[in-house]
């Protein structure tokens with residue numbers, strides 16, 4: 001007999017296995033083993049006629065959730081049940097947060113072990129931590145389970161109640177979510193502010209001066225004793241000067257005249273000032289600050305940051321990555337201070353060990369901050385990590401070490417200079433002692449380079465000095481609208497407002513991008529027309545559900561449930577039932593919402609009407625007695641739609657496409673058109689005989705008005721054959737694809753090898769030599785998988801059989817068939833002969849068409865002890881007809897659970 005330890009993932013299982021005695025068997029649940037039904041297909045036959053069946057929550061019987069085992073988890077559950085037969089003790093070692101507690105609880109309810117059960121928790125996977133956790137097991141925390149379950153039910157109630165309303169009133173397949181919709185509204189509000197923003201222009205002067213051959217710069221501050229205007233002096237809604245501002249506003253002509261008046265006049269230093277100051281290091285990372293800094297420094301999305309951090313945690317490199325605590329254990333503080341002393345010297349160590357306190361709204365679970373694992377921190381270049389894993393680990397290491405370093409000491413320098421009636425100011429900064437800057441500068445990837453950039457050197461100057469003015473320049477400025485949210489700034493705002501939980505931000509941002517509410521534009525989150533329509537409807541009819549304050553108070557209630565301060569059932573009843581509950585609100589407003597109004601979007605500074613149609617957004621404008629409509633290209637957002645763009649779309653609709661010229665070889669006309677996916681060139685007209693003329697999209701950044709005949713001919717000739725690869729003898733071509741221009745090497749049976757073009761590369765002019773350089777570079781991104789090992793060719797089709805490393809461990813791949821390595825096999829021991837039967841078994845199992853019923857448990861409201869299964873929920877028998885369309889996006893916002 002053995003002791004069965006259950007964790008979430010195979011990677012975590014492999015790492016933990018190294019630290020446990022021989023008689024411990026570690027298995028993975030692969031995440032949650034039960035959940036609410038994801039679709040009508042998963043609802044068991046016994047419940048399909050219930051009015052609440054599609055909701056998956058029996059609101060008539062104490063909000064009893066209907067839990068099912070997803071089809072993808074049935075094999076896992078069966079394997080765990082088999083492993084349980086040989087166990088004399090079960091240890092549930094899932095993560096130490098609400099989701100982890102919930103997974104353990106579900107495993108307990110599902111497996112119903114007859115042997116002793118323990119709950120083991122840890123926040124890092126090291127030998128010391130695992131052994132300590134093993135000696136300090138506890139029971140399942142029912143309050144944490146209630147909090148997770150309440151959050152899950154809330155997300156389902158909001159998603160499944162509001163989403164169908166959006167389908168009826170705006171467009172099929174839309175979704176609403178408890179946190180998702182608030183995030184979308186923030187992004188839409190920012191875009192509205194940008195559209196309403198009125199730009200104001202103003203000018204100032206910049207002087208290049210010299211003292212004892214040492215150059216420095218100064219900026220005009222006052223004229224005739226009155227302060228010069230800057231951007232903060234203007235009203236963002238009108239562009240006019242704010243009424244209480246007593247400032248001088250220069251236009252271009254006045255700035256030029258002032259420059260000419262001051263040129264050649266003597267300058268004098270009238271005041272100097274030095275202000276000493278300190279810069280303190282930032283606290284170690286929480287989930288949200290890690291996401292923000294990884295996005296700023298490394299350009300990694302919140303979703304990818306969490307994926308990489310999860311891997312680092314499961315492999316024992318960092319502590320648990322879902323936390324809002326900035327606290328460090330005494331051992332961690334000691335480890336960080338040892339690193340400082342060894343690498344930078346004692347003078348860079350803070351005089352006393354530093355501890356930090358969490359200031360974010362609603363901070364909860366008592367984890368540590370994210371830091372390198374263990375009592376001795378591994379130096380990044382000695383970990384053996386590569387690529388993103390190394391970059392993220394190094395970021396965490398630097399931040400943790402820096403938090404125990406001495407403050408940086410700086411001096412702010414200010415020199416006031418006068419010429420005629422104008423006063424200029426030269427500002428400088430001197431770093432007297434770099435302190436923690438030596439290891440970490442927030443927002444910078446290179447501390448040494450950042451250190452140089454931090455300093456602004458001024459020559460020694462004193463009152464009465466007369467520096468030489470070498471040049472005066474006029475500088476024009478325009479006030480800027482508020483910046484669009486990036487992933488980093490949205491995460492920061494969500495956390496500061498107390499909306500959602502840091503552990504859910506990555507999935508929320510991923511969801512709003514995947515659902516088409518937001519597009520990424522140069523790291524900025526740009527809302528789509530659909531986002532505007534949905535937010536307008538929710539603001540008008542369900543304002544609480546998109547209000548940050550209301551959503552923040554919901555989070556506080558969930559936190560209170562987690563510590564037993566608030567009862568979960570009364571809270572759910574108050575939210576959903578009764579006259580003011582969500583269920584009744586939706587019923588009442590369903591008849592009040594006019595689809596024609598819901599589909600219309602009002603945009604600042606735009607006379608044309610924008611509407612959401614069956615095939616996407618379009619513009620509508622009256623022209624005499626007619627109403628002209630024109631589709632809006634899919635990649636065009638409200639940010640891009642202005643009166644000029646509207647005129648272009650309407651002109652194309654009424655007058656037909658612009659003609660670039662005649663193709664020199666075919667004699668056919670070449671047109672430029674704008675379609676649902678943006679502008680493209682077309683060879684010839686679409687006729688009955690030629691229904692699909694040759695078309696090619698314009699490369700990103702190329703405007704329709706900039707297209708020449710030569711460029712159009714080149715685009716229509718794509719793909720270009722560049723020549724043969726010197727090693728394979730196969731063709732290399734250049735072309736345009738969904739993700740932009742690329743080159744491709746056709747390797748025959750080995751598939752096609754793609755590389756994106758870079759920088760100044762032009763798909764129309766790239767040479768074979770340059771293509772070979774690109775192909776020689778290692779692949780990047782999602783499709784860049786290089787086999788760990790090539791096992792050989794499959795005897796049936798001579799296609800390669802390879803080993804790859806995926807998120808759940810090493811697997812075998814042949815064509816489209818993937819097979820996991822069986823227990824006991826490793827990358828070194830697996831052979832082609834062993835792989836073939838595994839692939840055959842996997843391929844055979846994929847051909848089965850019989851479908852088993854979903855295993856279900858309808859959970860009641862009473863929970864006795866953690867070892868007992870929950871009661872089966874019952875409900876009054878009613879029949880509700882529902883139409884299910886497979887293509888609709890699921891309204892469930894399970895990704896928001898956290």
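Cβ coordinates are placed from backbone N, Cα and C, and glycine is handled just like the others.
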Expected hit for region 'Interaction with DNA' in Swiss-Prot across 175-180, 181-186, 187-192 is 175-180
Contact set of the region 'Interaction with DNA' (175-180) with the rest of its chain, CB cutoff 8 A exclusive, min separation 6+ beyond the ends, reads 154-155, 158-159, 162-163, 166, 494, 499-500, 504, 508, 511-512, 515, 534, 538, 545, 551, 554, 889-891, 893, 896
Excluding its own, the Cβ atoms lying within 10 Å of the Cβ of residue 515 (site 'Interaction with DNA') add up to 19
On the domain 'Toprim' (2-126), the mean of the pLDDT values is 94
Rounded Cα distance in angstrom between residue 160 (site 'Interaction with DNA') and residue 8 (Mg(2+) binding site) is 28
Whole-number Å distance separating the Cα atoms of residue 151 (site 'Interaction with DNA') and residue 8 (Mg(2+) binding site) is 20
Among 167, 320, 515, i.e. the recorded positions, the one with its Cα nearest that of residue 95 (Mg(2+) binding site) is 320
Listed in sequence order, the recorded positions within 10 angstroms (C-alpha to C-alpha) of residue 32 (site 'Interaction with DNA') out of 8, 152, 167, 320, 322 are 8
One should report the C-alpha separation between residue 322 (site 'Interaction with DNA') and residue 515 (site 'Interaction with DNA'), rounded to whole angstrom, as 25
For residue 152 (site 'Interaction with DNA'), the spatially nearest of the recorded positions 167, 320, 515, using Cα atoms, is 515
